[in-house]
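Worksheet: one structure, shown below.
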Amino acid sequence: MDVHTRWKAPRPGAPLLSSPLLLLLLLLWAPPPSRAAQPTDLLEMLDFHNLPSGVTKTTGFCATRRSSKEPDVAYRVSKDAQLSMPTKQLYPESDFPEDFSILTTVKAKKGSQAFLVSVYNEQGIQQLGLELGRSPVFLYEDHTGKPGPEEYPLFPGINLSDGKWHRIAISVYKKNVTLILDCKKKITKFLNRGDHPIIDVNGIIMFGSRILDDEIFEGDIQQLLFVSDHRAAYDYCEHYSPDCDTAVPDTPQSQDPNPDEYYPEGEGETYYYEYPYYEDPEDPGKEPAPSQKPVEAARETTEVPEEQTQPPSEAPTVPETSDTAGKEDNPGIGDYDYVPTDDYYTTSPYEDFGYGEGVENPDQPTNPDSGAEIPTSTSVTSNSSNPAPSPEEGKDDLGGEFTEETIKNLDENYYDPYFDPDSDSNVSPSEIGPGMPANQDTIYEGIGGPRGEKGQKGEPAIIEPGMLIEGPPGPEGPAGLPGPPGTTGPTGQMGDPGERGPPGRPGLPGADGLPGPPGTMLMLPFRFGGGGDAGSKGPMVSAQESQAQAILQQARLALRGPAGPMGLTGRPGPMGPPGSGGLKGEPGDMGPQGPRGVQGPPGPTGKPGRRGRAGSDGARGMPGQTGPKGDRGFDGLAGLPGEKGHRGDPGPSGPPGLPGDDGERGDDGEVGPRGLPGEPGPRGLLGPKGPPGPPGPPGVTGMDGQPGPKGNVGPQGEPGPPGQQGNPGAQGLPGPQGAIGPPGEKGPLGKPGLPGMPGADGPPGHPGKEGPPGEKGGQGPPGPQGPIGYPGPRGVKGADGIRGLKGTKGEKGEDGFPGFKGDMGIKGDRGEIGPPGPRGEDGPEGPKGRGGPNGDPGPLGPTGEKGKLGVPGLPGYPGRQGPKGSIGFPGFPGANGEKGGRGTPGKPGPRGQRGPTGPRGERGPRGITGKPGPKGNSGGDGPAGPPGERGPNGPQGPTGFPGPKGPPGPPGKDGLPGHPGQRGETGFQGKTGPPGPPGVVGPQGPTGETGPMGERGHPGPPGPPGEQGLPGAAGKEGTKGDPGPAGLPGKDGPPGLRGFPGDRGLPGPVGALGLKGSEGPPGPPGPAGSPGERGPAGAAGPIGIPGRPGPQGPPGPAGEKGVPGEEGPQGPAGRDGLQGPVGLPGPAGPVGPPGEDGDKGEIGEPGQKGSKGDKGEQGPPGPTGPQGPTGQPGPSGADGEPGPRGQQGLFGQKGDEGSRGFPGPPGPVGLQGLPGPPGEKGETGDVGQMGPPGPPGPRGPSGAPGADGPQGPPGGIGNPGAVGEKGEPGEAGEPGLPGEGGPLGPKGERGEKGEAGPSGAAGPPGPKGPPGDDGPKGSPGPVGFPGDPGPPGEPGPAGQDGPPGDKGDDGEPGQTGSPGPTGEPGPSGPPGKRGPPGPAGPEGRQGEKGAKGEAGLEGPPGKTGPIGPQGAPGKPGPDGLRGIPGPVGEQGLPGSPGPDGPPGPMGPPGLPGLKGDSGPKGEKGHPGLIGLIGPPGEQGEKGDRGLPGPQGSSGPKGEQGITGPSGPLGPPGPPGLPGPPGPKGAKGSSGPTGPKGEAGHPGLPGPPGPPGEVIQPLPIQASRTRRNIDASQLLDDGAGESYVDYADGMEEIFGSLNSLKLEIEQMKRPLGTQQNPARTCKDLQLCHPDFPDGEYWVDPNQGCSRDSFKVYCNFTAGGSTCVFPDKKSEGARITSWPKENPGSWFSEFKRGKLLSYVDAEGNPVGVVQMTFLRLLSASAQQNITYNCYQSVAWQDAATGSYDKAIRFLGSNDEEMSYDNNPYIRALVDGCATKKGYQKTVLEIDTPKVEQVPIVDIMFTDFGEASQKFGFEVGPACFLG
């Protein structure tokens, strides 16, 4: 008999295997290891979910099902379906199984007869098939061709095409095939196949048909599974397709829509699986993706709360079985629900024992914490141990016949592994527990223990300022909401061809060709691929090829009749449609590293791309390691004075400063608040005797004492010897701050300090009076290179120069634009490091990608070569606090600092003289009662005097003696750096090279990399004194304080700080010479003298901590060519820099050393001189090529033409007189110079060559009147010519004759300040000026260029634990990492133990005179006498003994600071004090470090238009603009000064005869005129806009006037033509200005593709441009034209809207209105213009942001519906929302969850441009107390 026991899910901690019997059972039941029987879902593989052509969704086997809201899902297949796939996809890693099951739930069309599924081999032979219809056929043919077609198993008497649902299971086991129909009928047939049959998996699987078959399956199908286990067919109705009335059991089935419902006991152990054909009722639209692992399935498809999720590896238990299991009225066995697909069978082999699945897989360890109940049997019966009969035993029974029986009469021996008819039918499902399918291998894992309690709050961290303790990286945050899509970037370059995709599905079979006459054999060009190796990826043959092969083979099989004549070639059928993409193959193994490619030639220079929009700032990276200290850079520009910083921590004590003069006594401060009572102080010294007090009341009469003898007053005793040194007392509390001690004696004059750094340059002072001209100075050293000037006028194209010598390798280019950011990929295996590839071209800037996780920090790179000294950088951001620097030289004594905090108690100073009596302090707290002291001597009774008035305070005591010299203070802070060193000695003279032609100034080179640490330079000479600074502004007047009590006059204070300089006074009269003064005290240290000779090298100091990188210096001198270094790794592509302005030409450089000989160039024939070319666009720098090998010196080449002007060289020694350089651009106007001395008269020059005709001369003196000419016609008014290009300056003329002095002109008005002239050559050194005052802090320099890319950022926070990955192969051991950077100092450690007592101190000084000794023994008390009369006051008695400590007095004056005491041990932290009053507002602190970038804030309202900004500084000279239209003729100018006489003209030919004029009055005969020049009368040259015709040269014999008129007329015509040409050009290519608007932004982009995004003027309706309006052009998005909502339409702040009704339009709100739109200047856009803009646009786009608090904007995630979605009213009065407009989508839908503050961003991107912009919005989800919303309306953008 079976004894059933069960495993109960143990409580945590309960032992699971408590009996040895269970262990024995586990050992007996251990199954043999077997491969997992993983069902393969053919419908999933054929992509039924995406409904391919001919497939639709329909209701499945069950219209309703218990515990499920939705019906089963099935697929209706029509004749149009063409579905096939390579068999390899079904079994990618293995062969087709010998024994298997085919399971399907199907409803075939009534009366049909077609194959449901067919499997073909590589040659196109059908190997497997299932035909549905009357008498179904199971077709099977193995690799040996067995069984033949006549032996295929046939199942007569069964009709599967009756139009009803059937559950069909076919089990193929050895040489039997069993059909189980509808869980009732079982028919077994003999299958005469070979002993080891093979089904080829290199062919294809067709669904619903056979190749060349006319019959195609039509009907509905819900499931079609292949299982690699023949026993799965017997479980079909329990595990895969249960009955409709079967409730969803406790089994962890994949269909469970709500896993919580099946655990009434609340254990919360849930499994999550997917089932592909039953829709999740909570999300009907979801199509779950298959997954290979149950754990991953749960993670990928559903979010399950943490407490409920459990990995599905715990063993579920067995279903309930009973005797009724096989009855026809209850075909479902047990309470099984829908069967899972891949997920469920991932690790589950079938066992060869009964339903008790309680034994682990031998590979798995046992986990005693399993939470499942497993029924076990204590008896090992034949039911659970006998294997199925072998085929030999069953052969005679089965034979060729088949047995037909119902399931209840199953052969027990055959079926008993699955069915136990003797099982206890009384076992209830609750006892058995959650069911476990028979095919689930059990893996026991622990149930999680109960959640621990929250731990106690940790101690607060001790983090000091500037200390950064890096925590462990946090868990990865949840994925952020997807950002709104960026604007469309420019089209990228064509990518590399992708890998070949998987083969598509086979196409439709072609139509039959017409039968042709006999002909040649057709050879189809198929590539028959041989079988790949095991593990090769994907099928070797495409699906189309397999299908064609199958067609051929099928045709061959069909032609089994007598051979007919050979047919002609038939027409090929049409190509079927491409199949859908197959599943992507697994990633291939990494191939071996390929050989390094040859360096490609540099590509052609691309056109410069448009400048991308600036990306948003990245997160701030961690500061990199401090680089080595660089060379001292040139002084940068002075920064603006920063805001006042926080008060720094008190620095270490500086050396004692020079004693200052006594300051004046300050006003008395206000009385401070009363302090807390202090602890009782130590016993004070005996105070001076106070004034006699008032008489007290008579005391109580005491007891009479025994009369004692009255002793005489003894003489005062001598002071005793000094006592021994006592032990040091306990450390006292810190005393109060002592008073400032008297100034010490003046110390000896210290050594002059090191010269300080030159101060920041002050602003230029006012110009001084002009001094007398100095004597001519000697040739000064060449000055520093001046700033790069504005570009001069474009020069004439120079002739080609000599070919230059080969240059050294260029510096690294700047980074390119960042590319598109990709999604974060899966972390791949660590590959081998490949060789660096060649640098690619710069890609266009992509839109900003989603922020990826921070990468791991990279390894430190090797130190680069020392770079050249760069240009001075601009001030960078403040760095993080660096490590403590090394101790610098002692600085100068600083100014008196503010009062420091209380110091540690000093050692006691020498005793000062007694000060005056202080006023009586307030009463202190009661002290501790002291021990009774010894009795003092009785004093004489003094009479009580009347209380005297309080006397005045005594005078201040004399100043104490100066104290001893204090110990040396700690070293001061680092001094300022020294002045720049002198120029080094001149290097060795190089070989004199041939003089190179002067070159053109090149653009500024890229910034060099940080060089290694240079040697410290020598200190430079002191700079010139700065000019007088401007006076500062006066401070605000403070509030008047309360008058304090009158103080005593103090000693003179130290001199105050130097005041600001006053306004410059008028010059006073010259005073008389004074008397010689006496010798003054030694002055302050003078300016540093010139450096002495270099001393011997000192010992090498320790390597200092690396300093912060200094500012970028200017370019240093070019170093000699270095040895080629090892090739570094490929750097990142640099960004194209903006072209800098062309600098002014520098002076001619020194003769350079001869370069290396270059290759010989071939001698070309000289070309003709070309005309001047247009200015080309600046191309981006090409990639730097590799350094070539040094060539052999070639033969000397022929002299080439002079090259272009070279770059400005460094200043060398003065060379010989160079050849004349190019004329420089005109400099700014200089100051008026003094008149020069008259020059000597020069010699008469030679007669020059004939020059070109000069400009018209001035009007000459009147000649003798000529004969009257004829009357000419009146001339027309000509247009002025266009402005000519500026000619090059002529050679200097000879000095003119000195003119007579003119009269003194009137005083001119004060002129505006002229522009700064260029730097003059360095003058001779002037006399040493007085040291100037420190100027105010300079203005801040301009913002610096972006720095080099920072080091990699700190590792980002760790992400959430991802799904466990597969274990990777062991990696190769990594290289030894470079040592990490030095860690920052940790927090202060705990106080150390108290040290041993120190050595005995030095012997003390001799003590002062001791107090009076103690009295003698006490005598007996005498009786109290009567009170006598008040006597006269007696003499003051001797000092009594020290009394009891008196009350605490007021705080005395601060004592002088003692020397530093040793630091005491660290005390325990005190209790927190009471909260103090809030202090005054502190000064503004230093700007903090730049924080991490916060999340983007909500869009703010558009601000009001700001006030006009201050006048900006004049910008650089712009590029030459388009020539403007001719202006109107100006008024005639005044006659010019007479010019010099021109050269004699050449003889001209006689002009044409003019018309005869009227006879004039006869005049005097004049002298004959000079012959004139012939000038072309018609300057018809369309390209010239400047006329070289001089009207004075046209006058010849009075007949030239007609020519003048004619020429002037032509000039007017040409001016008009030029204007027309400009206007036509602007019409063709509008500029987007108000006078020349474009039609749309798209038009503007087409004409000017290089324009940046911004505001431009458009005029969509064209015509007059006065109605144009200004829009925002988004060229990055392809040329969108954007208009904005007006200020009141931009949106509304988030609020609860209590008075508004949900479902009403915003325009009906009290604060609402219809939305209206304006242009970029705030003017409304006209309706007509908007209409034309829409006509010119193909699509329109607008974003709306809904800011919510627990309010839905679009989808309601709780219900999955869009009932509460916002509705919009378009410009065409059309309502738009989710239900009627597919062009609205949610870019971000944070409001769907109704959790806290969120936002939803909706985008309308519609081709119906008349809908945009929206004019009204309807909101529906608000009104409850906890709901709020606001919204923001974005611009409407139209794209043409």
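Note: Cβ is positioned from N, Cα and C throughout, glycine not excepted.
Small disclaimer: the values here were computed from a predicted structure and weren't measured.
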Fill in the blank from the handout: Here Swiss-Prot annotates region 'Nonhelical region', and of 68-102, 138-172, 1573-1607, 1748-1782 the range meant is 1573-1607
Exercise for the section: Count the Cβ atoms, other than its own, that fall within 10 Å of the Cβ of Y240 (sulfotyrosine), considering every protein chain shown. Expected result: 26
Exercise for the section: Express the predicted model's confidence over the region 'Nonhelical region' (1573-1607) as a mean pLDDT, rounded to an integer. Expected result: 40
Handout entry: Secondary structure of Y234 (sulfotyrosine) (DSSP, helix/strand/coil)
Key = helix
Practice task
May I ask for the distance between Y234 (sulfotyrosine) and Y240 (sulfotyrosine), taken between their Cα atoms and rounded to an integer number of Å?
Solution key: 10
Exercise for the section: Give the number of CB atoms, excluding that of Y236 (sulfotyrosine) itself, located within 10 Å of its CB. Expected result: 27
Practice task
Mind giving me a neighbour count for Y234 (sulfotyrosine)? Other Cβ atoms within 10 Å of its Cβ, every protein chain shown.
Solution key: 25
